[in-house]
Amino acid sequence: MHEKPSTKVVAEEQPDENLSLPPIQTEMHNVEDRIAGEDIEKLAGTTENVGPLQNAARDDNIVDWDGPDDPEKAVNWPAARKWATILMLATLTLLTPFASSMFAPSVAMVMAEFHSTNVDIGSFVVSVYLLGYAFGPLLFAPLSELYGRSPLYYSSTVLFILFNVACARSTNFPMLIVFRFLTGLAGSCPLTLGAGTVADLFHQEERGRIMAIWTLPVLLGPTIGPIAGGYLSESLGWRWDFWFLIIVRETYPAAILQKRVNRLRKETGNRSLQSVLRSTKTPREVFLQSITRPTKMLFCSPIVLGLSVMTAVTYGTLYLLFTTMTMVFEDQYGISSQNVGLTYLGLGVGQMIGVTAFGMVSDAILRRMAGKGGELKPEYRLPPMAAGVVFIASGLLWYGWSAHFKVMWMMPIIGMVLIGVGVITSFLPVSTYLVDAFTAYAASATAANAVLRSLGGALLPLCGRRMYDVLGLGWGNTLLAGIALASLPVILCFIKYGERIRTHPRFQLNL
């Protein structure tokens, strides 16, 4: 984003004789001229629901950035500071998906302790966590626009810990299900705001590699969770799955600029200073508009809806596998509940291969398709997604039929490796595309995607065991492979015609 040059005006306050403060320098813009040429919210970079004050043209006390290279803007931070932020965010992002599936190998123990034989309840107590993921983005996306991202990262982590304590102390299924839902709700925060943080910190041509690093924990966490969960539950009991989980600087432009305003107010005593990015709306208006924006983007943008549906099916398939792999490897291969978590490593290995490949080729594909000096179009992020669904379908066929015929236990795990490669190369293009295509509304676009994705992850696993009972492992996974391949024509359509659809006047949203 290129900012128009601003005219600096020195507003001299009568300094307090005791403080002997120097005059404060603020920036005054012809806001009406800027509004005529640019969308107000886009002036803030990746902010949403923020814009110049309506009376800015008459106010000499407006604080703005010191030009596009202001060192306090997150995108201008030193590389070490940016990477430290991303690594801390990746750690947070690893923990909550880790908790989503860590409990899976312990379901049989819980059902025995609570005297239940209902397999649907057993599956739901795992997948209800993802219902929290579905509703959390609708809460955290608007709150981030009111309070910034950093306070929400901190507060949601505290709530995540407290709700895990409640899970560990649960005495019946209803109590456990409620607190699993609330844990997922709190845990959705880093997943909801992470893409916006990446957009705050990095330019478009750098985001492919960074999104790969941030997104890997989202998918790697559920893969390694059952490994730890299997050993903990076998050795110490299922409640230790939750006790184990108990044992970032701000990047949002509006929040950073507001901190500058607060500092200058304190230094100068001038209480009239205001941020140029302060919203003219009340907090209630900001919250209501922000909570409806993801829904509007989901149902009024064919691109967002189509990509979200495909992501939901993929995520649902992944969690269907998470909730049934224990059964498959215990029943088909006689692997103990202590060791069955190791079978999830196939997915993890595949995801590591996928994220490495994506990080290497995504930005290169973007630059190659754009050509020298060409426009970096968001649609150039989508080609790896087509390869991803082919890997998913191939892996499902390999996994299903090798398990059906009880071929050596390593064979279905090789199928899982292929699925892992496909899942990561399907997810990452969508996340990066949404950030590139809707940079000013990145939080809302990713929230819309997260809602549908998490609903798929929560609901599709409920039919997993019954599907395998009716169709068997071979034909059941063949059905899932066919569904995955059905999305391939849609992906190719978005690659070729996505820009035309995205920019068509009929689909321009009033956000």
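Cβ atoms are placed via backbone N, Cα and C, with glycine included.
Pulled from TrEMBL, these are the features on record:
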- 1-26: region 'Disordered' (REGION)
- 85-501: domain 'Major facilitator superfamily (MFS) profile' (DOMAIN)
- 86-109: transmembrane segment (TRANSMEM)
- 121-140: transmembrane segment (TRANSMEM)
- 152-171: transmembrane segment (TRANSMEM)
- 177-199: transmembrane segment (TRANSMEM)
- 211-232: transmembrane segment (TRANSMEM)
- 298-322: transmembrane segment (TRANSMEM)
- 342-361: transmembrane segment (TRANSMEM)
- 382-401: transmembrane segment (TRANSMEM)
- 407-428: transmembrane segment (TRANSMEM)
- 474-495: transmembrane segment (TRANSMEM)
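Same-chain neighbours of the transmembrane segment (382-401): 310, 314, 317, 321, 350, 354, 358, 361-362, 365, 411-412, 414-430, 433, 473-478, 480-482, 484-485, 487-488, 491-492, 494-495, 498, counting only residues six or more beyond its ends whose CB sits under 8 Å from a CB of the stretch. Most Cβ pairs under 8 A with the transmembrane segment (342-361) among the ranges 152-171, 298-322, 407-428 are made by 407-428.
In this chain, the transmembrane segment (177-199) lies in contact with the transmembrane segment (121-140); the count of Cβ pairs under 8 Å, excluding pairs fewer than 6 apart in sequence, is at least 3.
Ranked by the number of CB pairs under 8 Å to the transmembrane segment (407-428), the listed stretches 152-171, 177-199, 298-322 are led by 298-322.
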